[in-house]
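Here is what TrEMBL records for this protein:
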SIGNAL    1-24  signal peptide
TRANSMEM  125-148  transmembrane segment
TRANSMEM  168-187  transmembrane segment
TRANSMEM  199-218  transmembrane segment
TRANSMEM  238-259  transmembrane segment
TRANSMEM  306-324  transmembrane segment
TRANSMEM  336-359  transmembrane segment
Amino acid sequence: MTILRIFSAITLLGVLITAHFALSKQSEWNGTVSLPEIVTFSNTTLPDTDIPIDLPRTGLNGLDNYFRFMTSFFWATLDSRNVRAHWQGNHLLGTLTSIWMLMLLEAHRKDRSGIFTFATYFLEIVGELVGIGSATPLWCIIHLLVTLAPTRANATKVLSTSGRDLKALGWALLFGHVAPTILMLRLEPDGEGIASQQIWTIARLFHPVFVYFFYKIFAISSGKDRSPAQPAVSRSIYTFSILASAFFHITSMAFLLAFHMFPGWLKQVVVIELDPKTVLVPAPFWSPEVVSKVPFATGVAIFLQWDYLCSSTAIVMWATSLYIESTSLSFGDSSTLATLGQAILVAVLAGPGAAAAFLMQERDVTLLEASSTTMSEKKVL
């Protein structure tokens, strides 16, 4: 394990601790939610509506109450009347999807243990249930501590992927992650049965289970992969990760800047709610004012704001660490500073998830070049 990995893991631990206070404790202090309140949640209608919360019952009161709370929580982001929470939810969604693609790709490298793969899926579910701002830095720490650090001798092993697995992952993401997300976004909250937005809101929390199920289906149906694992740059996964981040980042920024570009286009109440100082500068959890009670929708917006910040910071730090690590194997000028500068530009234009995907792609390219050079030298000898 390199010193860089240890230093990065320690720094990510700081992000994880920050997430604990910014998400869990701040939500408790400002009156949005606390664990005892979740398991005793008794609201029977969606916030600010007369639409009843109608979910199948599990028979476990605490679990049923939790699902009712999560339905209310996500409704606050889906209800466009809650301008700030709606914007924060949109902003976070692309980053969540982008990060999940990177996690999946790393979990399905050829040299990964079954335990690490299981931990990846498990932590994504944890992230959905308690916040990806906490789960993402934890996953990044685990990855840095347990995965093989690349050398010129093992770069091939570190990058090895199965073409069958990559194809299966692509289809699994489409059916297991994208489809449930679209259903949650587009269905009506008072829909019935399979057409209920409420049901898909809860079902989508477990999208990692769906992804793994479809991954196994497509992998098995493709037959046994008899081709030897080869080092490769998984450009298709990285491209979709960048596009997922970019779409939601650009649409969010467009609304944020719209009232400057087109005065009068947005209602004044929307302009006030989308003040950049409010939606971009996180609410300080260390301030004495945090104990002031806030409306539920505002509390949800603050939670998502920090969820986005902590998860984005973690994934970019992780990707930067792995990219810098790979440059130590490069023969010649690797233009590290230029690449990091490009990553900053990508983050501004397409979001931090896209920047992380860009850095991981550059990392793979660097390792592939190192691997190819080493193999060529061996042939010469």
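The backbone N, Cα and C atoms fix where each Cβ goes, and this holds for glycine too.
Quick caveat, the model's predicted, so the values are computed rather than measured.
The stretch from 199-218, 238-259, 306-324 with the most CB pairs below 8 A to the transmembrane segment (336-359) is 238-259.
Packing against the transmembrane segment (199-218) from elsewhere in the chain are residues 55-56, 67, 70-71, 74-75, 78, 104, 121-122, 124-125, 128-129, 165, 167-169, 171-173, 175-177, 180-181, 183-184, 187, 193: each is 6 or more residues past its ends and has a CB under 8 Å from a CB in it.
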